[in-house]
Amino acid sequence: MNRYKFNDIENRLGVYFNNPSLIKTALTHSSFGNQFKDAKYNERLEFLGDSVLQLCITEYLFNKFKDKSEGELTKIRSLIVCENSLYEIAKKLSLGEYIRMSKGEELTGGRERMSIQADAVEAVIAAVYLDKGIGFVNDFILLHFEEMINKAINNEIVLDFKTKLQELLQKDGEILIQYELVKYEGPPHRRKFFTNVIINEKVMGIGEGYSKKEAEQNAAKEALKRLEKNYE
């Protein structure tokens, strides 16, 4: 990671590292370590960051919601720390553009892959913890996860838009939902798919993604935005 990129990611995170190698390792995918044998990669940091994130979110929810049961708190926490939520945090911070990975991984769409970006968030959290301590990383997590925490508390995080769309429409009885692949573009190793969701022969949402599944989920998400107003 060159000096410009290092300064840029520090500014994005709002963290200035005493040990720069920590953030460098946090943003190094295992494929890069396989290609360059001396390079450290982020899997161990990811392991630590997962526990740090769980602890900070758990303590926050425990102190904030004294009237909620263990089951309710567990459900809220699971929404905040799930892969989808971590991916949203990664996109907000543009982490994907800073992750070091092998050329092969990048050519197969690794830079946009949800799991790689979500894992990088956990590794970054570990890097901040090791460099700055628990108090600092707790503030860091609450700052960057604030929107996600509020969404989870208000039950606004949806993990499966297709299922939610189907459940919403079941209120009106038998309704036909179809997903139609409209087109795809790009080379085989980085192909983007475009899908319509058709409800009773009417296009209600258009989605795109780097897999057919992702495109269908995004189409369902758009349809939900249009339809939920009718059920409020």
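From the backbone N, Cα and C atoms, a Cβ is placed for every residue, glycine too.
The feature domain 'RNase III' is assigned by Swiss-Prot to 6-133.
The feature Mg(2+) binding site is assigned by Swiss-Prot to Glu46, Asp119, Glu122. Around Asp119 (Mg(2+) binding site), the C-beta neighbours below 8 angstroms that are at least 6 residues distant in the chain are Asn42, Glu43, Glu46, Leu86.
Marked as active site by Swiss-Prot: Asp50 (among others). Asp50 (active site) is surrounded by 18 other CB atoms, counting those within 10 A of its CB over all protein chains shown.
Long-range C-beta contacts of Glu122 (Mg(2+) binding site), restricted to its own chain and to partners at least six residues apart, with a cutoff below 8 Å, comprise Leu45, Glu46, Gly49, Asp50, Leu53, Leu86. The active site annotation in Swiss-Prot covers Glu122 (among others) and is backed by sequence analysis.
Helix, strand and coil residue tallies for the domain 'DRBM' (160-229), in that order: 33 helix, 25 strand, 12 coil [DSSP]. If you look up Swiss-Prot, you'll see 160-229 marked as domain 'DRBM'.
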Starting from the Cβ of Glu46 (Mg(2+) binding site), draw a 10 Å sphere and report how many other Cβ atoms land inside it.
20
Could you break down the residues of the domain 'RNase III' (6-133) into DSSP helix, strand and coil, giving a count for each?
97 helix, 2 strand, 29 coil
List the other residues in this chain whose Cβ sits within 8 Å of the Cβ centroid of the Mg(2+) site residues Glu46, Asp119, Glu122, in sequence order.
Asn42, Glu43, Leu45, Phe47, Gly49, Asp50, Leu86, Ala118, Ala120, Val121, Ala123, Ala126
